[in-house]
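For Asn66, Met95, Tyr124, His163, Ser185, Arg186, Gly187, Asp226, Gly227, Leu228, Arg229, Glu265, Tyr292, the entry in Swiss-Prot reads substrate binding site, with the evidence type sequence analysis. Residues or ranges marked as Zn(2+) binding site by Swiss-Prot on the basis of sequence analysis: His269, His333. Per Swiss-Prot, [4Fe-4S] cluster binding site is recorded for Cys409, Cys412, Cys416, and the stated evidence type is sequence analysis.
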Amino acid sequence: MTQLEMAGQGRVTEEMKLCAEKEGVSPEFIRRGVEEGSIVVVRNNRHTGIAPLAIGKGLRTKVNANLGTSRDHVDLEMELEKVRICTKAGADALMDLSTGGEIRAIRQAIVNASTMAVGTVPIYAAAAEALNSRKSIMEMTADEMFQAIEENGEDGVDFITVHCGVTRESVGRIAAQGRLLGIVSRGGSITARWMDYNDAENPLYAQYDRLLEIARRYDMVLSLGDGLRPGCLADATDRGQVQELIILGELCRRARARDVQVMIEGPGHVPYPQIEANIALQKSLCEGAPFYVLGPLPTDIAPGYDHITAAIGGALAGAAGADFLCYVTPSEHLCLPNLDDVHEGIVASRIAAHIADIAKGYPGAMEKDILMAKYRSEFNWNGQIDLSVDPDRSRARLERSETAKEEGCTMCGDLCAIKLGKKKAPC
């Protein structure tokens, strides 16, 4: 039985209890959220070596980190080191987006190495297998696509991105309206090209019940992907994006009816004034399903600094109700991220998530900032470092200060405003 099926029967599972303890809420709160679809409990029934992860309404805003090989760069040891960095830097989940090398072996190694929930995009494996077999991606069969999904379930993958909303109708709306940058989702582009080449509907939409059977078998959460997300501000909130979201809302309801948990993926590149509206639209059309957003990025001109861009957009999106932030690294739009990029991306997204939690009134979020202020007032450097989002960097920066062991840092020295305010005698 799936988590959703048991929640519908009024049963609190062990996974729900573990999530409740971690979140500081009651197990019944988690159960009700799962039943209504506003919370998902993420853990494949074959991936029992990890703690389950709860994502959704009333819970802490979560952060995902992406990793994986490319067709041009295959280094499993580096990817496994990225898994370790994800754990140390405080990510809540990771996704293996590998497209190069022995995809299944890499996925299995990452799942086995991870102590957190693991997601994938199965169409990547299907496409890579087609290329490795010396045939065109366009020659993939529906059976091969579903076989890739089945293998992900067998390997213990906890959630999968599936671009079921990329249909002939939604792609047609993009063609009719026009876009500056076209389709920028890799899975979305593969699917759109496949439909055009084969003059056929997207198999993940046309055979959606087949997908639900696989997801139900392994209790994999479906992350309904935004294959038509905008890749630049000029394309944001256009007809193709909105039509896809309408379809995802309909598919979300069908999945719940089959006791399969669902979250929805969102943009992308969105002008700052449109971010809140995008969240509200998703929550309405998808009946409160958890929203998993990439950024969003409120400007297109910051390659090399897009972790900052994404954190700005992510903070607003999270405050408006987004539940799960996908990190963006400094390498976004430029190259495959290295180890430092992964760390930077996670920290930036965790900052955004914390800002969102303060705005949402999540219990304990504001208290951390109050405690930080107290530590600063007391010149409690160890307390400040331990509480900071990146203790290693905080400690390294402080140790560069000549007065690190005194009451003050090299920024102000004897002119420290806090020191001056505490003095009784004239300076």
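Backbone N, Cα and C atoms are what each Cβ position is placed from, and that goes for glycine too.
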Legend entry - Site of maximum Cβ density within 10 Å, from binding-site residues Tyr124, Tyr292: Tyr292
Legend entry - Per DSSP, three-state class assigned to Cys412 ([4Fe-4S] cluster binding site): coil
Inset, instruction - Find the longest CA to CA distance in the recorded substrate-binding set Asn66, Met95, Tyr124, His163, Ser185, Arg186, Gly187, Asp226, Gly227, Leu228, Arg229, Glu265, Tyr292; express it in Å as a whole number. - result: 20
Legend entry - Nearest-integer angstrom distance between the alpha carbons (Cα) of Ser185 (substrate binding site) and Cys412 ([4Fe-4S] cluster binding site): 48
Legend entry - Least Cβ-crowded entry, counting other Cβ within 10 Å, from the binding-site residues listed as His269, His333: His333
Inset, instruction - Provide, as an integer number of angstrom, the distance between the C-alpha atoms of Gly187 (substrate binding site) and His333 (Zn(2+) binding site). - result: 16
Inset, instruction - Let me know the DSSP-derived helix, strand or coil state of Gly187 (substrate binding site), please. - result: helix
Inset, instruction - Provide, as an integer number of angstrom, the distance between the C-alpha atoms of Gly227 (substrate binding site) and Cys416 ([4Fe-4S] cluster binding site). - result: 52
Inset, instruction - Determine the Cβ neighbour count for Cys416 ([4Fe-4S] cluster binding site): the number of other Cβ atoms within 10 Å of its Cβ. - result: 17
Legend entry - Neighbour tally for Cys412 ([4Fe-4S] cluster binding site), based on other Cβ positions within 10 Å of its Cβ: 13
Inset, instruction - May I ask you to report the DSSP-based helix, strand or coil state of Gly227 (substrate binding site)? - result: coil
Inset, instruction - For His333 (Zn(2+) binding site) and Asn66 (substrate binding site), determine the Cα separation and express it in whole Å. - result: 14
Legend entry - Spatial neighbours, same chain, of Asn66 (substrate binding site) - Cβ under 8 Å, 6+ residues apart: Leu94, Met95, Leu97, Cys326, Tyr327, Pro337
